[in-house]
Amino acid sequence: MKFALLSGVAAGLLPVVSAVSVSGAAEGFAKGVTGGGSAAAVYPTTTDELVSYLGDSSPRVIVLDRTFDFTGTEGTTTATGCAPWGTAAACQLAINQNDWCTNYQPDAPSVSVTYDNAGILGITVASDKTILGSGSSGVIKGKGLRIVSGASNIIIQNIAITDLNPKYVWGGDAITLNDADMVWIDHVTTARIGRQHLVLGNDADNRVTVSNSYFNGVSDYSATCDGYAYWGIYFAGSSDLITFKGNYIHHFSGRSPKVQENTLLHAVNNYWYDSTGHAFEIGAGGYVLAEGNVFQNIDTPVQSPIEGQLFTSPDTNTNTVCATYLGRNCEVNGFGSSGTFSQADTAFLVNFEGKNIASASPYADAQSSVPSSAGQGNL
């Protein structure tokens, strides 16, 4: 479907007052997640206190009512890195993490890099946690979140994660999952991130729902040297079920998302806006059902070649196949000034049978609502 460009689509988010309790419930694969449940809310006031609450063994509801700035809390490092994309002011440089420059960019010029240590590794989040922002006040600056090593039953809602060494590749990921289960990420904003805004690592991440979140790729530095972040969203787990619904993915030049290994992704009612490169990158083992989404000013909705499988819900007749596996027909996607998105692989749709499936609305609903409703402060 084609539609005209909406005026003001990139307008600022509309702040609203939110209560310090979970709003709504997870749809899709993470349906039933409870986080900290009925635990009494705690309000950390320092970065140390926040780290302690997130990582302890008690069920907790942790309310963020201020900015927790980790910048400088772990010192800085000056080392030799590299410049794979040149040394122009808008180009990201790379930290030589795990000898990445040495092994993968041997011809890149060497450069001196100085980065903030806090951004490199996120805060560990243990099981049975709810992390809630109060209004638009809950911000974690300079450090991400890390849900790993069997952690499960976690809700992250209405917070922002910002400013993780944006000048440097390997400068840090906003949210990392690896060997996790039952995680709901909702109404989260990420901005100015050195590496991935969201990454699901190589171990199984099982049941995850990412909803109503704003991935903001506007940056002074990027791998494409044009102000469009390249490192967006990376789904590469060994047995992952991901519902990705109602999200606003804005101003990226690639990897938004990259899907591979053994990942079943249901991308529904999202809004991709303004990309100089590609949105989806689908490697071997990536299985993507995309329906009811909006692609506006996206040069390449999916990068070629597609090594996994993709069902793009191309038309109402073809979309009736979804009824067998989802219990309803799929919704067509909408396009404005965007490239081709038309593949219709169906063999993998059987993997949706018997699972919790998110509902879908016509793409026009996402077109009108997602830019102003996604992200922090919009519960």
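Cβ atoms are placed via backbone N, Cα and C, with glycine included.
Record source Swiss-Prot places Cys82 in a disulfide bond whose other cysteine, from Cys101, Cys225, is Cys101. Taking the disulfide-bonded residues Cys322, Cys330 in turn, the residue surrounded by the fewest other Cβ atoms inside 10 Å of its Cβ turns out to be Cys322.
Between the CA atoms of Cys330 (disulfide bond) and Cys91 (disulfide bond) there is a gap of 40 Å, rounded to the nearest whole number. Cys101 (disulfide bond) sits 18 Å from Cys225 (disulfide bond), taking the Cα positions as reference. Neighbour counts of Cβ atoms within 10 Å were compared for the disulfide-bonded residues Cys91, Cys101, Cys225, and the top value is held by Cys101. Long-range C-beta contacts of Arg255 (active site), restricted to its own chain and to partners at least six residues apart, with a cutoff below 8 Å, comprise Gln196, Tyr230, Trp231, Gly232, Ile233, Tyr234, Glu281. Other Cβ atoms within 10 Å of the Cβ of Cys82 (disulfide bond) number 22 in total over all chains.
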